[in-house]
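Notes for the one structure printed next.
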Amino acid sequence: MALTKLSLVLFLCLLGLYSETVKSQNCGCAPNLCCSQFGYCGSTDAYCGTGCRSGPCRSPGGGGTPSPPGGGSVGSIVTQAFFNGIINQAGGGCAGKNFYTRDSFVNAANTFPNFANSVTRREIATMFAHFTHETGHFCYIEEINGASRDYCDENNRQYPCAPGKGYFGRGPIQLSWNYNYGACGQSLNLNLLGQPELVSSNPTVAFRTGLWFWMNSVRPVLNQGFGATIRAINGMECNGGNSGAVNARIGYYRDYCGQLGVDPGPNLSC
């Protein structure tokens with residue numbers, strides 16, 4: 001009888017081990033989560049550190065792409081608290097307050113794997129400093145009085161303006177001009193030239209347009225300092241063009257660098 005009980009215990013233990021092993025092999029994590037060495041999903045060092053199999057691993061030996069120094073997964077840097085600290089400064093009547101969300105940014109970022117797998121805290125501080133300035137702490141979805149302004153370059157034959165459509169600033173980076181809407185839509189596989197209003201009606205699309213502009217026009221000059229990113233977004237502010245706007249951007253950048261624990265670096269102005 002004793003031997004039978006012992007055999008039963010051993011069988012149950014082996015069954016449990018087998019079940020756990022099978023479970024551990026079914027990782028299937030979301031793009032912003034790591035698959036740990038034991039096959040479970042998460043975003044802390046226990047998942048993204050030593051032995052990480054896939055996702056935004058922080059260990060060079062892991063199966064995913066190692067994050068650079070000062071980096072991490074997009075979701076681990078842009079926390080809900082960080083995002084709320086910005087958008088909560090917008091007034092209650094702001095349209096953007098019920099439009100922009102932290103999740104829509106993370107979802108958009110994960111459609112740009114080259115960004116999501118290599119972003120640093122300093123880059124997030126840079127990006128959100130410009131987002132803050134362009135949208136008034138995520139208050140505005142569209143440019144103020146933008147519909148009354150002409151952003152149609154009729155000489156651009158590659159991306160001709162659609163009748164009755166306005167290409168004024170929309171989204172977190174305030175995408176403007178028909179040639180930008182056309183090129184961005186082509187890259188994202190969206191008809192933004194024919195339907196520019198998609199940017200102001202879908203928050204994930206809005207952030208994707210911001211990320212498209214960022215990857216093409218801003219990220220290439222990141223290593224030159226924050227001032228170069230101001231010039232890339234709105235060069236008319238530089239060289240005394242609008243020192244108040246430049247100083248506001250720098251102020252946001254310093255603030256977010258402090259929150260994220262990184263040094264702002266040199267060459268902050270333009």
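Even glycines carry a Cβ here, placed using N, Cα and C.
Taken straight from TrEMBL:
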- Glu134: active site, proton donor (ACT_SITE)
- Cys29-Cys41: disulfide bond (DISULFID)
- Cys34-Cys48: disulfide bond (DISULFID)
- Cys94-Cys139: disulfide bond (DISULFID)
- Cys152-Cys161: disulfide bond (DISULFID)
- Cys238-Cys270: disulfide bond (DISULFID)
- 24-59: domain 'Chitin-binding type-1' (DOMAIN)
- 1-24: signal peptide (SIGNAL)
Least buried by Cβ count (within 10 Å) of the disulfide-bonded residues Cys41, Cys161: Cys41
Cα-nearest neighbour of Cys270 (disulfide bond) within the listed disulfide-bonded residues, Cys139, Cys152, Cys161: Cys139
Rounded Cα-Cα span from Glu134 (active site, proton donor) to Cys152 (disulfide bond), Å: 21
Cys139 (disulfide bond) CB neighbourhood, other CB atoms within 10 A: 18
Least buried by Cβ count (within 10 Å) of the disulfide-bonded residues Cys29, Cys238: Cys238
Between Cys161 (disulfide bond) and Cys139 (disulfide bond), the C-alpha gap once rounded to whole angstrom: 28
Residue from Cys29, Cys41, Cys238 whose C-alpha is spatially nearest that of Cys139 (disulfide bond), among the disulfide-bonded residues: Cys238
Entry from the disulfide-bonded residues list Cys94, Cys152, Cys270 having the most other CB atoms no farther than 10 A: Cys270
Other CB atoms, at most 10 A from the CB of Glu134 (active site, proton donor): 20
Cα-Cα distance linking Cys94 (disulfide bond) and the residue listed as 'active site, proton donor', given in Å to the nearest integer: 14
Integer Å distance between the CA atoms belonging to Cys94 (disulfide bond) and Cys41 (disulfide bond): 36
Distance, Cys238 (disulfide bond) to Cys94 (disulfide bond) (CA atoms, angstrom): 29
